[in-house]
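See structure below.
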Amino acid sequence: MSYRELVVELAREHAEALSDALLELGALSVSVEDADADTPDEQPLFGEPGLTPERTAWTHSRVIALLAPEHEPAVLLAAAANELGLADTPSFSVRAVEEQDWVRLTQSQFDPIPIGERIWVVPSWHDAPDPDALVLELDPGLAFGTGSHPTTRLCMEWLEQSVQKDQSVLDYGCGSGILAILAKKCGANPVFGIDIDPQAVESARHNSERNRAEITYGLPADCPAGEFDIVVANILSNPLKLMASMLSSKVKPGGRIALSGILARQAEEVASVYRQWIDIAVWREHEGWVCLAGTRRESN
């Protein structure tokens with residue numbers, strides 16, 4: 001008998017509670033998605049650290065629970081509904097999950113990614129398509145940043161055009177370390193990467209070792225004193241605004257800064273905060289996201 005997926009469609013107010021109940025009753029994993037995805041009624045949800053999203057689930061939600069062979073879907077759902085005090089057990093469907101080589105399947109979903117004029121981000125199980133290119137070997141992982149997201153791509157394109165040999169670079173919110181590694185491969189020295197997540201710091205260190213890139217990583221308390229030729233921060237608009245004074249102070253007079261993780265509609269709001277110290281504007285937009293870039297004024 002194979003693993004199965006229990007699929008339940010229900011109203012938003014019950015989706016999270018049902019997910020928790022199914023996990024407590026033995027579901028191996030549970031996900032919630034928009035039951036109206038890919039239709040005119042699809043509802044995108046957005047949120048940022050420090051802010052409460054306007055909606056925490058979709059009006060018409062779909063709960064998908066992965067069950068081990070020994071669990072009977074109908075019995076498990078009835079128990080969950082009873083635990084929540086629902087008058088009736090929600091309607092449901094069951095899908096068989098085929099046995100697969102999950103490692104091979106996952107790897108097949110990640111191909112080398114070309115970025116900018118000469119950058120390739122290449123998973124370890126692939127060969128570089130162009131041996132003469134600027135190659136970053138990076139596997140998908142828990143830390144954000146493999147080059148597939150528009151904000152990472154924008155920052156990489158900016159670094160490729162901006163970094164000069166022996167310039168100092170600070171990557172604040174380094175995630176996987178991809179931007180710091182690229183800066184190093186473009187000739188920057190020294191390069192520092194900072195992140196609030198210790199797991200991201202360890203991931204970045206591992207990725208730098210794999211790419212033979214000498215970079216110093218740490219938590220915010222480890223951020224070196226002094227100023228840098230280049231500061232790059234790919235985070236989100238709210239923390240970027242909160243850290244504007246600190247990040248601007250890390251840029252040398254005449255030095256440059258690039259910021260991303262910013263939706264196009266948020267660009268002017270973020271830029272206006274930085275204009276106290278930085279001459280800054282939208283450098284490029286891609287798929288609704290922007291990269292802001294600017295130069296610190298000599299007088300600040």
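Positions of Cβ are set from backbone N, Cα and C atoms, glycine also.
Of the listed candidates (Asp130, Asp132, Asp139, Asp195), Swiss-Prot assigns Asp195 to the same S-adenosyl-L-methionine site as Thr152, Gly173, Asn234. Of all Cβ atoms in the protein chains displayed, 25 besides its own lie within 10 Å of the Cβ of Thr152 (S-adenosyl-L-methionine binding site). DSSP assigns Gly173 (S-adenosyl-L-methionine binding site) to coil in the three-state reduction, placing it in neither a helix nor a strand. Asn234 (S-adenosyl-L-methionine binding site) falls within a strand segment according to DSSP. Asp195 (S-adenosyl-L-methionine binding site): 25 other CB atoms within 10 A of its CB, across all protein chains.
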